[in-house]
Amino acid sequence: MPEIYGPQPLKPLNTVMRHGFEEQYQSDQLLQSLANDFIFYFDDKRHKTNGNPIPEEDKQRDVNRYYQPITDWKIMKDRQKTVSAALLLCLNLGVDPPDVMKTHPCARVEAWVDPLNFQDSKKAIEQIGKNLQAQYETLSLRTRYKQSLDPCVEDVKRFCNSLRRTSKEDRILFHYNGHGVPKPTKSGEIWVFNRGYTQYIPVSLYDLQTWLGAPCIFVYDCNSAENILINFQKFVQKRIKDDEEGNHDVAAPSPTSAYQDCFQLASCTSDELLLMSPELPADLFSCCLTCPIEISIRIFLMQSPLKDSKYKIFFENSTSNQPFGDSKNSFKSKIPNVNIPGMLSDRRTPLGELNWIFTAITDTIAWTSLPRPLFKKLFRHDLMIAALFRNFLLAKRIMPWYNCHPVSDPELPDSITTHPMWKSWDLAMDEVLTKIVIDLKNAPPATALESQMILQQQETLQNGGSSKSNAQDTKAGSIQTQSRFAVANLSTMSLVNNPALQSRKSISLQSSQQQLQQQQQQQQQFTGFFEQNLTAFELWLKYASNVRHPPEQLPIVLQVLLSQVHRIRALVLLSRFLDLGPWAVYLSLSIGIFPYVLKLLQSPAPELKPILVFIWARIMSIDYKNTQSELIKEKGYMYFVTVLVPDWGVNGMSATNGSAMINSGNPLTMTASQNINGPSSRYYERQQGNRTSNLGHNNLPFYHSNDTTDEQKAMAVFVLASFVRNFPLGQKNCFSLELVNKLCFYIDNSEIPLLRQWCVILLGLLFADNPLNRFVCMNTGAVEILLKSLKDPVPEVRTASIFALKHFISGFQDAEVILRLQQEFEEQYQQLHSQLQHLQNQSHLQQQQSQQQQQHLEQQQMKIEKQIRHCQVMQNQLEVIDLRKLKRQEIGNLISILPLINDGSSLVRKELVVYFSHIVSRYSNFFIVVVFNDLLEEIKLLEKSDINTRNTSDKYSVSQGSIFYTVWKSLLILAEDPFLENKELSKQVIDYILLELSAHKELGGPFAVMEKFLLKRSSKAHQTGKFGFNSSQVQFVKSSLRSFSPNERVDNNAFKKEQQQHDPKISHPMRTSLAKLFQSLGFSESNSDSDTQSSNTSMKSHTSKKGPSGLYLLNGNNNIYPTAETPRFRKHTEPLQLPLNSSFLDYSREYFQEPQMKKQEADEPGSVEYNARLWRRNRNETIIQETQGEKKLSIYGNWSKKLISLNNKSQPKLMKFAQFEDQLITADDRSTITVFDWEKGKTLSKFSNGTPFGTKVTDLKLINEDDSALLLTGSSDGVIKIYRDYQDVDTFKIVSAWRGLTDMLLTPRSTGLLTEWLQIRGSLLTTGDVKVIRVWDAHTETVEVDIPAKTSSLITSLTADQLAGNIFVAGFADGSLRVYDRRLDPRDSMIRRWRAGNDKQGVWINNVHLQRGGYRELVSGATNGVVELWDIRSEDPVESFVDQNVTSQYGSQQKPTTMTCMQVHEHAPIIATGTKQIKIWTTSGDLLNSFKNSHNNGVTSTLAATGIPKSLSYSSTSDAFLSSMAFHPHRMMIAATNSHDSIVNIYKCEDERIDYF
């Protein structure tokens, strides 16, 4: 037997897909994309930030430690230098001081010289002085060293005074060795000799300060050295106190403040004596400071547990060839005899590599142990200070083993002694010594390489003044004198070209055999230190970088940049580190990375370009001001120009620069001939292979390619834009026709929006404040390219175009600028011409020069000739500049920009307001006249009682029709922009014009009279109870904007008082009067958005200042609830000033501060956002699967079971169920949005849409429902707003807002704005009481197409195919339906027209809906109750039925009722109609359920304010019509509400069948 569902068997349901849409389900590609592709809209950064940069306050708070700014990272060029050094040696060899009892044997070696090897003590101390000076010269050769050997007091005074006179204000090094005199006194006095060396004479520390002046660095190598340090500080404090009391020491050569900039290094504390171990030097402290590698090796071997086994070979011959004395002494067997081959300055040798490693390790220890300011002060300001303190760290580690504890001022922490990096230093020494042991045991007695190294050492050691007898003494200690630049060339300040290094490097390149040997040595690594630390750094980047703590390997990575072997790998890792955010960039800059990457810009190696461009983009993104002047030097900016224009200056410059770089000898340069297929290149390829494919725009390519991607070009353009920003010298050097043409090419042809955006910005910056560059760009067509980019599909590019064209606005000083440029180019031409003549003369005189020199001269000439031609071209351009032509172009630009006031992106419109502010500022006098005439015309209209009877022959003002009048009207439109920030900015521009008008000499008086007249008229209208907005005002507003708010809402007393404290428009009396003036004209000074922005937490109601008392309740409660906050927007509180400052450039450069090499947080597996998104996706799939079985239930179930009733507090006009959240969203006629949780029965949020009085919300849609949904509202004034986090009133924000329709007609029968959102295509269909259906593209935020409706009837309903998005259907007030296909030409897009409602007159379409799922039924419902199902392939309905129109009994008459609403379930074959009952139908026309939506709750709450008695209220509403209904998209649920009722009832279909078996 057939199954019975109702009172009779149901008609068969449709089982065929309608409209031929079955083809969509047969497309595997489409179904796969629907299942896997989740495209989210209005989710870009501009929607979350409103196009504003992060406020400085947030950066200072830095809650997430993302910035950690270090603003003083740059090492200034005028930093202090140690220019002179005093080496004061008080040894008195052969005589021990009386206060110290020395052991026997005891330490006696000074500066690696044993005095017992000399018969004459004078020669011994001279040799000690020479050696000590040579050791210091390894730290800094540029310092002038002077020795004072066993001096008397007079010599010391004369010596110190002379040094201060020659040093002026620079630093002096004072090294004091007091091994031959008593230890310093408790008061800090040091001892010297009298002239006869018969007495020890104390020298007051205060006198020493006076003689030496300041600043100084003091090294005390003596017993109880801390006594000097402590008393030095006391004397400095005494000088400061004396200065404060007015007793300045006039004998002091330096200001007292300079003494605070002194540094001190002392060998031991005040109660300690220096070590006396005979196996160690007596001046162990000085050895640690001046030759750390040698002393480290010796002490490492002496303390090694392997000295009797592995390292025994170093102790076997310790009794022979030792620098100190008699071989019979037993302690000599404890002293190792080791000679590390190589040179300190040559990092390719074992000794050089050890020195290099030591520099990296000590830098790391200091950087991780010291506060950042102290680290910078000690290690990044002075070469000598950095070297001494770096080596002092070694002293702090070694000397405590021998009961000496070095101290310093400033004091360094004791944690340095046990820092973990010292183990790395021990490991590095062990690796080198192990290889030496292997070579000594296995290698022949003397290899060719060793012989060459020995020869190099001997050549370096040879001095004219050294005797043959002393060669043996200095052999083991000769490491210290092998290179005078050892430590200096490894410091971060040593990147200048060193002549000695250059000469040695040029000699080494003379023969091809030596070059081959050099390359072989270059690849050889004696330790794995750097490679291991790079691996450690890579692991830190992979696993620990999210903690945002400084990695200890960063200083080591800095040192690795000096190595050509590991340079590319180090740069890649460094770029990955910089990609972590601004905090990483600041850290890198503070450690000293900048000089290195600046020097690398001179490298011609093509494989470095992508990495360097990326690194420089990161640096410029956080601090471009401190880098601009540096890029001028050596034309570093040209590196980025050649990335964009690879063939720039090929004939003239590249050959010259290339040869210069190859021969420069700088350790940071990399020649193009380098083997790029070496291990580093292969490593990077492995890195590329392991990296995921979607890393962002800044992926680094394989470096064997010379080409750069558009993303990398965008970074180069950004660097140039930052270089020329507010930097005229940079603009002058960077501007060239080649660059301009290439930028235009990229704007026209690149598919990467980022490149187009920054090319547009750079073009604008290149001609900013420069009429010559503007004229050149105009003549070359660059301006036309910018105008074309105003229609770019990407909002950021459109905004950039407005930003660039803003700089084309002429300045007041253009004529003076042209005159100055003429003078500059004339001077430049004369200089270049003289240089060219000099080169030509030089070429004629030197006929016998080499071919290379001849080529070099020719290249120089070609370069200068090219510069001369460029100079002549610019001079010619200056002569033909036509300022009037520039003005015409400027007006043309303005005309082209004006249509953007209707752009869908608030970012574009905000920049447009800024552009208008520049126009107003430049032509303020014109705008004063325009506004005055406009107000005058308005007063004339107000004087006419009937606008229709006014004299039509009245002439319009001369300002009407001008471009400035159009801009004024545009500003009025933008003053009512739906986006709050744009609105406030526009008001500032309008206020500025009115303030200028009020202060005008001639028009200020008449304007004041006009103001009084309007205010008086407004007050009279208020007293008579007339609403202050008449037809003449409508006429005034109509030409600019139809939806100006007619009322001015003010706050209650408490809120008004708060506003007066914060709002300058209220606190300024002139601005207050101007506000009243606008109120008198019917303009609202602020609409609901701005009124409630600051009162969201209190939710205080706003009342109307204007309007009669009868409208008070209606007007006052219009926006009682809070409005959404605008991201990163704060109201203007500063004095009004034009032009407005654009934040777009700072906002855009934040892109290069954000991580680009890794996935976004939401796409990273395991992240909170990823897990939340995955959970939502699984939940959505679960809901869809669970509700599939409910389709059958919808046919036989009971729909009249009420699930819950929700009180909206006002009558809901619109309702919308969320697909997957348990949310029901309602909107009433006062634009109040309410979000309910229907499962829990509570209100989640309640807020105002912020629409002006007289308008209401007419549509609700949800966007991105597959994830975190956004709420879209459409209001009757054509405004569309999109909200994020709408379910939480504390965090919800407005994402975007714009006018979907600009010519809406507000009539009593108008349905307002109707929308249809197509998630699959990102399209928003908008229509209403207009003659078009406008299609907005969410990707581009522009109008995609306007499709004519082909009728003058009002559109009442709109629906579209949600799967493909090509077909949409509109229902009209004349009862017709029209089908459109957007794939066709707009003129031919209407493909079908139907007449619904049985073709009766006076019937209009309530609703038309195309199912999202099911069999895609297209259902229409008319007001006469006719429900029809359509197939777009058919001209007639495929099914039709009529709601029986339940009649109402009034006496003996029966009147038919009207079907007020109709809804279709998205997936089930169910239709609901609403009259005074809810009826549930099948799509075949069978009635399943019929029930009333009646209740007793909520009625009186709605009508109590009207004063209607409760009995009458109930009787009038118990039989009320349904106001609105809404099906749940998936569940079998329906929400319904009655007219004049605040209660929303939700019904759920339930299975009530009884199973008897």
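Cβ from N, Cα, C; glycine included.
For 548-586, the entry in Swiss-Prot reads repeat 'HEAT 1'. The repeat 'HEAT 2' annotation in Swiss-Prot covers 588-625. Sequence annotations record features per position, and here Swiss-Prot assigns repeat 'HEAT 3' to 777-814. Here Swiss-Prot flags 888-925 as repeat 'HEAT 4'. The compositional bias 'Low complexity' annotation in Swiss-Prot covers 1084-1098. Annotation source Swiss-Prot lists region 'Disordered' at 1084-1114. The repeat 'WD 1' feature in Swiss-Prot is assigned to 1207-1248. If you look up Swiss-Prot, you'll see 1252-1293 marked as repeat 'WD 2'. The repeat 'WD 3' annotation in Swiss-Prot covers 1296-1346. The repeat 'WD 4' annotation in Swiss-Prot covers 1350-1390. The feature repeat 'WD 5' is assigned by Swiss-Prot to 1400-1440. Annotation comment: Swiss-Prot describes 1452-1492 as repeat 'WD 6'. For 1517-1557, the entry in Swiss-Prot reads repeat 'WD 7'.
Contacts between the repeat 'WD 7' (1517-1557) and the repeat 'WD 1' (1207-1248): present, as 3 or more C-beta pairs lie under 8 angstroms, all at sequence separation of six or more.
Below 8 A, the CB atoms of the repeat 'WD 3' (1296-1346) and the repeat 'HEAT 3' (777-814) form 3+ pairs separated by six or more positions in the chain. Here the repeat 'WD 2' (1252-1293) has long-range neighbours at 38, 40-43, 47-48, 976, 978, 1042-1047, 1084, 1087-1088, 1096, 1115, 1118, 1122, 1124-1127, 1173, 1176-1177, 1180, 1213-1216, 1218-1221, 1223, 1225, 1227-1231, 1233, 1235, 1244-1246, 1299-1304, 1306, 1310-1317, 1319, 1324, 1326, 1328, meaning same-chain residues at least 6 beyond its ends whose C-beta is under 8 angstroms from one of its own. The helix, strand and coil residue counts that DSSP assigns across the repeat 'WD 7' (1517-1557) are 1 helix, 19 strand, 21 coil. Assigned with DSSP, the residues of the repeat 'WD 5' (1400-1440) fall into helix, strand and coil as follows: 0 helix, 18 strand, 23 coil. Note on the repeat 'HEAT 3' (777-814): DSSP counts are 26 helix, 0 strand, 12 coil. The DSSP breakdown of the repeat 'WD 6' (1452-1492), given as helix, strand and coil counts, is 0 helix, 22 strand, 19 coil.
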